[in-house]
Amino acid sequence: MAAAMGIGRFALTPLLPFMIEGIPLSAAEGGLIASANYLGYLAGALAAMRGGTDHLRRGFFLALAASAVTSAVMGLGDSLLFLSLVRFAGGVASAYVLVFSSVLVLEQLAREGRPGLSAVHFAGVGLGIALSAAVVGTLSRLGVSWPGLWLSAGAVSALLCLLVGISLGAHRRAGGTRPPEGAASAARSVATGQGGNGAMAAPAPSAALLRLSLAYGLFGVGYVVTATFLTTILRTSEGLAALEAPIWALVGLCAAISILVWNRVAARIGGGRAFALACVLEAVGVVASVTVSGVGGFVLAAILFGSTFMGITALGLLEARRLSAANPRKALGVMTACFGAGQAIGPVLAGVGADLSGSFVLPSLAAAAALVLAAGLVGIGGEEVG
């Protein structure tokens, strides 16, 4: 997860300011490159959801290797088409890694009676974000240009791939088993983020699921502006460029523990209320990134954003599964499509808006509004979707 998601999917964020200055790119072009990755992720997730799990380990390693390769290949060209195509391929690879690795891990945890440790697996995303920030921050201070930074990110991903291979090899020699027959259905669930907890309440009216799906798409738009451009916003803030790597690392560290925290919050107040609360907190963080001056604003933004975006992702999908107990696969597929569409169009719209207005203030405020609207849709009329 650290290699394919934390680095393969999110390394563009700390690298984008260097690419914008070095190639150069407009904000809209940077957004287009980001959107290509999210489109690839959507395509990969939907394909994996419909596929089987024959040769699961082999598919996992091939996708993991492809993720590392696509990260490195980003440093080999500078045309917009080339970079977009490579990012699309990287998105497909990261989706397959998410699906296959989660099947392997979650099935093993289920056999061992320790499903609660799944949060550790997903913490890899945040740890990978922090690692990518450390790599980019360290090497950029040594004068490495953006192509070298991408090659280095690919090398770090390859090293993580090697460590995964050694670990799984040791597990198999110790008597690890193949995923059981249930892995096929689990793969379809993980592709859309299903947590595998079937002990949920009866389905709510379809109107609630429709509102949740729309809210999930709005979340995709709302989170992805900051997820793509936070360090670019820092680069344009006078005297704060040196904070790009530390702030992005803070996002990752907060994300690493966030799912565990939000699972506990949801257990206390309900999944719908937790979803809405997280959206509002994230909106505050998004607004802070462009309205609160100085270091404090970006620290607040990093903490609130990092602590919520992974949690909202999980909470929304678990709620969709609860609301659609009769046909969860279809509902989760719709949720994935809504989220994927939202996060694919968000970077392009934000980039165009930034180019036209001269800053990311208006795009970020629009993103925050989308998050607030998402929160309102989930609890409309006082009804708790969770």
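A Cβ is built for glycine as well, from the same backbone N, Cα and C atoms used for every other residue.
Sequence annotations record features per position, and here TrEMBL assigns transmembrane segment to 32-49 (among others).
If one looks beyond the transmembrane segment (61-82) by at least 6 residues along the same chain, the residues whose Cβ comes under 8 Å of a Cβ in the stretch are 3-4, 7-8, 11, 23, 25, 29, 32-33, 89-90, 92-94, 96-97, 100-101, 146-151, 153-155, 157-158, 160-161, 164-165. Annotated transmembrane segment per TrEMBL: 61-82 (among others), in sequence order.
Feature annotation from TrEMBL assigns transmembrane segment to 88-106 (among others).
Within the chain, the transmembrane segment (118-137) has long-range Cβ neighbours (under 8 A, six or more residues past its boundaries) at 1-7, 10-11, 14-15, 18, 101-102, 105-106, 109, 149, 152-153, 156, 195, 244-246, 248-249, 251-260, 263, 306, 310, 314. According to TrEMBL, the transmembrane segment annotation covers 118-137 (among others).
Same-chain residues lying 6+ beyond the ends of the transmembrane segment (149-170) with a Cβ under 8 Å from its Cβ atoms: 2-4, 7-8, 11, 15, 18, 57, 61, 64-65, 67-75, 104, 131-132, 135-136, 139-140, 176. The feature transmembrane segment is assigned by TrEMBL to 149-170 (among others).
Per TrEMBL, transmembrane segment is recorded for 214-234 (among others). Packing against the transmembrane segment (214-234) from elsewhere in the chain are residues 10, 12-14, 16-17, 20, 27, 30-31, 34, 38, 240-241, 243-245, 247-248, 251, 275, 279, 282-283, 285-286, 289-290, 298, 301-302, 305, 309, 312-313, 316, 320, 335, 338-347, 349-351, 354, 360, 363-364, 366-371, 373-375, 377-378: each is 6 or more residues past its ends and has a CB under 8 Å from a CB in it.
Annotation comment: TrEMBL describes 240-262 (among others) as transmembrane segment. Within its own chain, the transmembrane segment (240-262) is flanked in space by residues 6, 10, 13-14, 17, 119, 122-134, 136-138, 140, 230-231, 234, 274, 278, 294-295, 298-299, 301-303, 305-312, 314-315, which lie at least six positions past its ends and keep a Cβ under 8 Å from the stretch.
Annotation comment: TrEMBL describes 274-292 (among others) as transmembrane segment. For the transmembrane segment (274-292), the list of distant contacts is 215, 219, 222-223, 225-226, 230, 233, 262, 265-266, 298, 300-305, 307-309, 311-312, 315-316, 319, 359-361, 364-365, 367-369, 371-372, 374-376, 378-379, 385-386: same-chain residues at least six beyond its ends, Cβ to Cβ under 8 Å.
Look at TrEMBL and you will find 298-320 (among others) tagged as transmembrane segment.
According to TrEMBL, the transmembrane segment annotation covers 332-354 (among others). Packing against the transmembrane segment (332-354) from elsewhere in the chain are residues 26-32, 34-35, 38-39, 41-42, 45-46, 49, 189, 191-194, 212-214, 216-225, 227-229, 313, 316-317, 320-321, 324, 360, 362-364, 366-367: each is 6 or more residues past its ends and has a CB under 8 Å from a CB in it.
Per TrEMBL, the feature transmembrane segment maps to 360-380 (among others).
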